[in-house]
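The phosphate binding site annotation in TrEMBL covers 12, 54, 55, 87, 88, 187. Taken from TrEMBL, the feature substrate binding site covers 186, 210, 211, 212. Residues annotated as domain 'Nucleoside phosphorylase' in TrEMBL: 6-243. The site 'Important for substrate specificity' annotation in TrEMBL covers 167, 223.
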Ligand SMILES: CSC[C@H]1O[C@H](OP(=O)(O)O)[C@H](O)[C@@H]1O
Ligand SMILES: Nc1ncnc2[nH]cnc12
């Protein structure tokens, strides 16, 4: 058994969480630079919890400049076992309405201006992201959302776009009609890929804020509308988070889906050819397999 530590990565509109016992903001240093902000750590119902505002308090980082590698490394470094992402998203389906939550389980990664891996020259690794979210953690999010009285949909494909501009009408229609996507956002990639490389369970809660730009009755997406919906959503997200500790418990077994063993057979570079500097940087992320 391992001690559980649940981290919440809060997206747009969520810059703190209340109710943690012994809560303190702490700066965590990583070999990949500074995380988005200090990390708030404490406990809830006897379970260790951490919170990291993805864009930083005051919303400093754009989706492109969020330091995704530093964020995931920092969470792993302080002992996090499970990451719940909470994100504002546009919807491609009439029935996924603003105010609803979707427990996303697939992604299409259209981002192109971000570092997407901890590995590279001198230590090459290939992990599977066929199933990029953890079903055990997603189950907990679904149950937590229902207990918090949130309208929640299970499963959906999240189109991760580079941004920061929203999509054109042609893009929105293509993602919806040709690619069959359910929601759109700018941040869950490469975050989910990096969490998998770091052998952390990851689940994603998409808070629907708008119909992107495809919906004839809703016009184009605007930040003012998103903020209005987020103001209603943030108390729902906090209620969801407060249910998680009792669902996940203070101790956990190995992940039944193998998220915590993702690197077991992933590293290709021969031990004698590995770059010692890169191996040193991988101490938190891949120390289990690199020794
Ligand atoms: C404020 S609208 C666009 C912005 O909101 C989402 O951020 P997050 O995923 O961190 O909640 C979206 O991905 C964009 O970054
Ligand atoms: N329509 C949209 N596109 C991309 N990111 C979003 N975040 C919230 N709404 C969005």
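Placement of Cβ uses the backbone N, Cα and C atoms for every residue, glycine included.
Known features from TrEMBL, placed on the structure.
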{"residue": "12", "record": "phosphate binding site", "DSSP (3 states)": "coil"}
{"residue": "54", "record": "phosphate binding site", "DSSP (3 states)": "coil"}
{"residue": "88", "record": "phosphate binding site", "DSSP (3 states)": "strand"}
{"residue": "167", "record": "site 'Important for substrate specificity'", "DSSP (3 states)": "coil"}
{"residue": "186", "record": "substrate binding site", "DSSP (3 states)": "coil"}
{"residue": "210", "record": "substrate binding site", "DSSP (3 states)": "strand"}
{"residue": "223", "record": "site 'Important for substrate specificity'", "DSSP (3 states)": "helix"}
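In this structure the alpha carbons, written CA, of residue 186 (substrate binding site) and residue 88 (phosphate binding site) are 9 Å apart.
Mean model confidence for the domain 'Nucleoside phosphorylase' (6-243) is a pLDDT of 97. Under 6 Å, Cβ to nearest atom of ligand 1: this is the test, and of the recorded positions 12, 88, 167, 210 it is passed by 12, 88. For ligand 2, the neighbouring recorded positions among 12, 186, 187, 211, 223 are 186, by Cβ distance under 6 Å. With residue 87 (phosphate binding site) as the anchor, the candidate recorded positions are 167, 210, 211, 212, and the one with the nearest CA is 210. Put simply, residue 210 (substrate binding site) is 10 Å from residue 223 (site 'Important for substrate specificity') when counted between their Cα atoms. For the recorded positions shown (12, 87, 167, 187), fewest C-beta neighbours within 10 angstroms: 167. Other residues of the chain with a Cβ within 8 Å of the Cβ centroid of 12, 54, 55, 87, 88, 187, the phosphate site, are 10, 11, 13, 14, 63, 86, 185, 186. Closest to residue 12 (phosphate binding site) in space, going by CA atoms and restricting to the recorded positions 167, 210, 211, 212, is 210. For residue 88 (phosphate binding site), other Cβ atoms within 10 Å of its Cβ number 24.
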